[in-house]
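Engineer: Let me begin by handing over the structure; questions about it come next.
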């Protein structure tokens, strides 16, 4: 087991160029802004003196590669600049918002799996029959619904009409978080289900037709036991990488959903910063999201390896 | 005579195509006594594997038993409640598949896969079932079974994997073992060892064997009785020794003369001309007639029935007596 | 069991079998998904084109005396808080959302496909460089990047096209590169190259047409994603500026009155669902039409 996990350092080293690429893109964002980056970063109300100070700090009089070097070295010291709306270091603000968004993302993924696994199983055990067609129509409609609209519809039905959940907010205790985040997490989860169901449905159909499931049946295995021991894990393997890819989509969606439900996470932070033109904060959130997606990629490979004993260190499958 | 362990009567199996149902097995009957080893021989597509799978209720999607009866210990399996039929699988009937790589769950340790049946049927604890799995692996000739039980299928060689399959099939001490070309995927030398082991174990456990293969040499080595299938029908049955020495159907004769014989290496090999018929569009009369060198005018119009030609021997040929003169009934 | 007879490997035999295949091609109108998609999208295009004559109202002109009316014979779906007819704004919104959704795939499709084809065809350091850049861009989720880029570039339709192009070219590059790597090893491509054809000719005449179908099929799902992007930007107040009728901003306006006038936020969303459904069907139909199985 330990030996099979020794690919992790290799995988981490492989991620380094991508991480630098991500920082480069975030760095260049400042230069894409119309006008001078220092003015953009400090906002319209800054005095000429502070702008001049920031210009030297960012090295704007130096070649662009030196500026990038400065940006990266500041980054390594945990310095992403100061938010001029909050007058606090951006890193502090972002770090405070991260747990909120991450719990929303994890919650959504959990709900998405709770919905998707049974639906995929229901569809895969009767391909092209009535219940499969119903599930396929669900996935078709599901992927055509704007996430924020689903959120509003859920608010309309479950919060306004049935009064089961609050219309927004985050709550104070852990239990309250779980209650307040249910609707937003369900919204994001529903958005994720079509992709998961499609992948899981087709891989489950493959696995159900496989010879080893016939073997399991020849041992008298059936029903839930058969599904749990012989089908689910094998069918999950291709779906893991699909989920890995959709995590970025989930984070992107959470930005909008946080606005719909007034949740104080990265999304609300980013959108507020856009309206106040608080550039350092926007930069920091974008950077975090990029790094998060790279991290999820590594985590996906790790899960893949744990689930499939045939995957060797470099990630290729032995037959 | 007591009831046979397995009695298949007039079994027909059909596959649902895009337009029509095609019969891939038609009117197959045979019986297997307790302790007997029965071979079912034919080319690929002859319906032998489907016949076997229908006994284990493992027909692939779209393939169904359209008529006939399968009696196991006198109990009808066709139409039996799924749940009741499932309970027979493991402790009564077990199966060994052709390709052990695809027939073993790739993400489960082989020891656990063997232990699964005993835990369910013998009510063993996890560790007791695991001990049984290890001892079964030892009995099938797997060296170092304790270590190997922790391996995943891809970490084992083809021969070891097939031994795992056999250990798994026999772990609940079934009375009937169904083998679907269990040695086809193996090297000839390994094939020989695995067959010996299989024979010994069946003897020890008192299990009957139904053995499906296209390889006559394997049947000769393993079985006592056989049935030859062609285009979904049985064309000849009888004791292995007699059929080999003195076939009573032109197709069986063709199979024998087209396969190398190690006792007579200098004998010329004569292949059967042509291809098996398209089952969706069967020729009228005897399906083998277009390829048969003895075919006469009536062969393409009359469907021959499987009839006794000698005590314990049957053949489905209109002209058995003319083609194979000799000791006749 | 049917046995296939090997096709003679000479030119005449190949040409004949190709001709036979195209003759056996099932007509497009038997392709249910394709037809359903064409009907839905055709209707939406009709509505977009004829929006001005389909209703008597102006989508922008405010009429505060008739604000927030319930559905009636005069206003089928009621009026919004500025007294504008909801149905009229829905129809006019089709123009904006459909136009941006469809047009915004063009730049990334062309640019991404060409880059992917070059990377896959030439391989080596160029391929490595392109794929590293693709990895970096894949790290930024579509919505995050589009929101940030629209912020940087300023709001307006042109920024939306640019922002979407900057994010979504990577998928086409990845798809086409993979297809080209497979296609360049095919016998007829190797043959064309050996017979002295230039790289450009081999790439555009022999490989291009054969690898584009995957890109086109992906493009259809990309249209769905782009429509979602535009609508989301509108909802966030970052997209097409009011008072232009646009589904996303209509949902934003309607959310305010969700308790009293729930139709206002619901209807534009339903139209997005219908549009996506139409595009998805079109995509499924195209992929069936372009797949070799269709040519049985």
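Quick reminder: no glycine exception, Cβ is built from N, Cα and C everywhere.
Here's the feature list from TrEMBL:
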DOMAIN    A:98-300  domain 'ABC transmembrane type-1'
TRANSMEM  A:12-33  transmembrane segment
TRANSMEM  A:93-126  transmembrane segment
TRANSMEM  A:147-165  transmembrane segment
TRANSMEM  A:177-197  transmembrane segment
TRANSMEM  A:235-261  transmembrane segment
TRANSMEM  A:281-300  transmembrane segment
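Give me the structural setting of these features: burial, nearby parts and distances.
Structural biologist: Listed as Cβ neighbours of the transmembrane segment (A:93-126) (distance under 8 Å, sequence separation of 6 or more from its ends, same chain) are residues 80, 83, 86, 132, 135-136, 138, 170, 177-178, 181-182, 184-190, 192-193, 196-197, 200-202, 204-205, 208, 227, 232, 235, 243, 247, 250-251, 254, 257-258, 263-269, 281, 284-285, 288.
Away from its own ends, the transmembrane segment (A:147-165) comes close to residues 179-180, 182-184, 186-188, 190-191, 253, 256-257, 259-261 of its chain (Cβ-Cβ under 8 Å, at least six residues beyond either end).
With a threshold of 8 Å between CB atoms, the same-chain residues lying at least 6 positions outside the transmembrane segment (A:281-300) that come near it are 8, 11-12, 15, 18-19, 22-23, 25-26, 29-30, 75, 80-81, 83, 85-86, 90-91, 93-94, 97-98, 240-241, 243-244, 247-248, 251-252, 266, 269-270, 273-274.
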Engineer: For the transmembrane segment (A:177-197), could you work out the same-chain residues 6 or more beyond its ends whose Cβ comes under 8 Å from its Cβ atoms?
Structural biologist: 103-105, 107-116, 119-120, 123, 135, 138-140, 142-143, 145, 147, 150-151, 154-155, 158-159, 165-166, 168-171, 239, 242-243, 246, 249-250, 253-254, 257-258, 260-261, 263
